[in-house]
Number of protein chains: 2
Amino acid sequence: MPAGTLLYAQSGGVTAVINATASAVLQAARARKVRVLAARNGILGALREDLIDASALSAAEVKGLAHTPGGAFGSCRLKLKSLADDRAKYERLLEVFRAHDVRWFLYNGGNDSADTALKVSQLAAEFGYPLTCVGVPKTIDNDLAVTDCCPGFGSAAKYTAVSVRECALDVAAMAETSTKVFVYEAMGRHAGWLAAAAGLAGEGKDDAPHIILFPERPFDEADFLARVDAVVKRVGWCVVVASEGIRTADGTFVADAGGGKDSFGHTQLGGVASHLAGRVKDALGHKVHWALPDYLQRSARHLASQTDLDQAMAVGRAAVECALAGQNAVMPVIVRDGDAPYRWHVDIAPLARIANHEKTMPKGFIRKDGYGITAAARRYLSPLVAGEAFPPFGRDGLPNYVTPVMTSVPRRLPAWRG
Amino acid sequence: MPAGTLLYAQSGGVTAVINATASAVLQAARARKVRVLAARNGILGALREDLIDASALSAAEVKGLAHTPGGAFGSCRLKLKSLADDRAKYERLLEVFRAHDVRWFLYNGGNDSADTALKVSQLAAEFGYPLTCVGVPKTIDNDLAVTDCCPGFGSAAKYTAVSVRECALDVAAMAETSTKVFVYEAMGRHAGWLAAAAGLAGEGKDDAPHIILFPERPFDEADFLARVDAVVKRVGWCVVVASEGIRTADGTFVADAGGGKDSFGHTQLGGVASHLAGRVKDALGHKVHWALPDYLQRSARHLASQTDLDQAMAVGRAAVECALAGQNAVMPVIVRDGDAPYRWHVDIAPLARIANHEKTMPKGFIRKDGYGITAAARRYLSPLVAGEAFPPFGRDGLPNYVTPVMTSVPRRLPAWRG
């Protein structure tokens, strides 16, 4: 057994397959006889010295994590600032690492986490503490630089495309006397990847979704409403997919246009779909419905993509191998070798090329009129949602998700006063 | 081949398995060599003489319908009034039936459709026109009388329970620094069956969903908020499932409390989840998210229950047999023969016992405190979501739903001026 401990932490919004990455990390570490601790609730657990003995998980629990959504060890949204601004926190992390002989730190998250892992590695070098920091990619937003795609995205994309295909059949059946316009709100504050994935639901000119709204394009209400009306006139009904992050030309988030006060003066929580539905109703008079899947889209492990699951596990395994090989301040990334047939492999990229970057949709993926995806986008997206990876279901008809027993590691340091 | 034609029509909100019923109807009719027409967009197509030659569907299309959500022939929300008030419409129906030699009428819907089918049969008898009318049960609301459960409900219930189990894992992972309260809005204007099904997602006292709000119980905001806060304090987070139809003690729909105007004077579409989320935020200060799956919950064929699919097909077959046997003004219903193991069979009930009745949750299914389900409810619900009936998926990762070619039947009557 190599000397030292590997610390694994989950960061930011969870995905349908981040636990599959955790499962792969634990399996790879077991194969190499490396002890693994997990930070409870992400970096917060590391700061608080709130650590879980992940090596104590049973083989069945480790295997079960691969088909369990959510973040089994807990995640958090704490973003560390620069080394100068948050120096005490970074130093505390090193103190905890030292106390538990952590020699390898795997941080499973997005841009911010890549940045944190990079800074921790820099401070460790400054202090002469032997630490290898490896970022492990994860985000349904698919907005990480360098990697061709992000584990977590493919499954959320599959959920989106399937859901839109299904509700479109519903709307089509009822449009004559009921809802004519349906608005589906997809996650994606800055990048329209998930909304784009909805485009896979249909192929023909009049297939749903008829209109996709991307944060990469300014939202023009009059043009949008005219298009909705034209689709209703031509097709009889219209399905709209809107990214939560769409903005008008002056930079205002459309979601913020709603969300005022109701008639009792209570906060009225809005959102893009609700707002657009209201505008369609007011301006066009069509009966409208909308859906806000919210967390359902990032936790729908029952509809995970096999490609996504494979990649989530591959980056977990690769991260352990990188770390044990001493490849510091890097992240395993997905490289695409071909579209049809789809081929990919894992490469290793420096965190410095990934930290704090954000990859939006390339211009060539958005149709010229701004309301749909191109053939190039289809070629990119399609393999990412391919393959089904259903979880095991119990006799009760529900997925057998696991809740591993978490054994806390005794603290060795005074409590953190962060 | 028996003389005469069988007319099949879909009515009201669609389900994940109403097309499976249609598939079974077509298969049974083929086996008996009976010609089948389908009304386009439900009863509206019958009034307009807008009929589809369903016997022209290919065997592959008929088979494919069994795994395709939506309403393949179109549905509608047109409710016929009493014979006296809507006599012209009923007479027109008979005129169309006569013109196409329709001897058997299968109407696939809920309470209203049962009522319409009953009235059509009464008028036919009055006119001496030989017609057998059979209702075929369908509704995700599960609110039909007599039948133990309604085809369409089991699949929507499974979607609800799985979705709530999945998003609960998401909330649990992030609650420390992010969302503490999550509100899921389930369909059910008058009956809380779907919200109740969410209760299957967890079993222990502190498992999600922590709070279920039923339309069968008056909503008390102060009590609700106190319970949410108590759960957050005890568990760290709270998942709420709310029926869209909950009302305060004075009968006001909670959904109508929201939905005012936004800061621009635009209609702000509300809903129960949005409203409750706003109240939690204002009154308790917890970070809150909510989901409104809307049509997704009734079209999620990818997550259909095998029990539900079996029953949807069984009532379709039974309806054809009833009709051909001349059993008039009846509906095939599901009879439960046992809970564990679950056993059921199809029986035939008079439409008069079903038309316009509405079955809400029995008192014994709602926990005494009003915020959860009882063991009896679990025994009832659990078998209905059992078994997976995944549709076939293509190599592109999406379900292979079918869109049959619909051949219109030439009109034989002057246009309807309804």
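The backbone N, Cα and C atoms fix where each Cβ goes, and this holds for glycine too.
Owing to the predicted nature of the structure, the values given are computational and were not obtained by experimental measurement.
What TrEMBL says about this protein:
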DOMAIN    B:8-321  domain 'Phosphofructokinase'
BINDING   B:G13  diphosphate binding site
BINDING   B:N111  Mg(2+) binding site
SITE      B:D112  site 'Important for catalytic activity and substrate specificity'
SITE      B:K138  site 'Important for catalytic activity'
BINDING   B:T139, B:I140, B:D141, B:M187, B:G188, B:R189, B:E244, B:Y295, B:L296, B:Q297, B:R298  substrate binding site
ACT_SITE  B:D141  active site, proton acceptor
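For B:R298 (substrate binding site), the Cβ neighbour count at a 10 Å cut-off comes to 28, with all displayed protein chains included. For B:R298 (substrate binding site), the recorded positions whose C-alpha atoms fall inside a 10 Å radius of its own C-alpha are B:G13, out of B:G13, B:N111, B:D112, B:K138. Within the group of binding-site residues (B:G13, B:G188), the Cβ with the highest number of other Cβ atoms inside 10 Å belongs to B:G188.
Using a CB-CB cutoff of under 8 Å against chain A, none of the recorded positions from B:D112, B:K138, B:T139, B:D141, B:G188, B:E244 qualifies.
Each residue contributes its Cα atom, and for B:G188 (substrate binding site) and B:K138 (site 'Important for catalytic activity') those atoms are 14 Å apart. In the structure as shown, the Cβ atom of B:D141 (substrate binding site) sits within 10 Å of 27 other Cβ atoms. Overall, the recorded substrate-binding residues B:T139, B:I140, B:D141, B:M187, B:G188, B:R189, B:E244, B:Y295, B:L296, B:Q297, B:R298 cover a maximum inter-Cα distance of 16 Å. Mean per-residue pLDDT, taken over the domain 'Phosphofructokinase' (B:8-321), amounts to 95. Here the CA atom of the residue listed as 'diphosphate binding site' lies 9 Å from the CA atom of B:K138 (site 'Important for catalytic activity'). Secondary structure at B:L296 (substrate binding site), taken from DSSP and collapsed to helix, strand or coil, is helix. Residue density at B:N111 (Mg(2+) binding site): 22 other Cβ atoms are found within 10 A of its Cβ, drawing on all protein chains shown.
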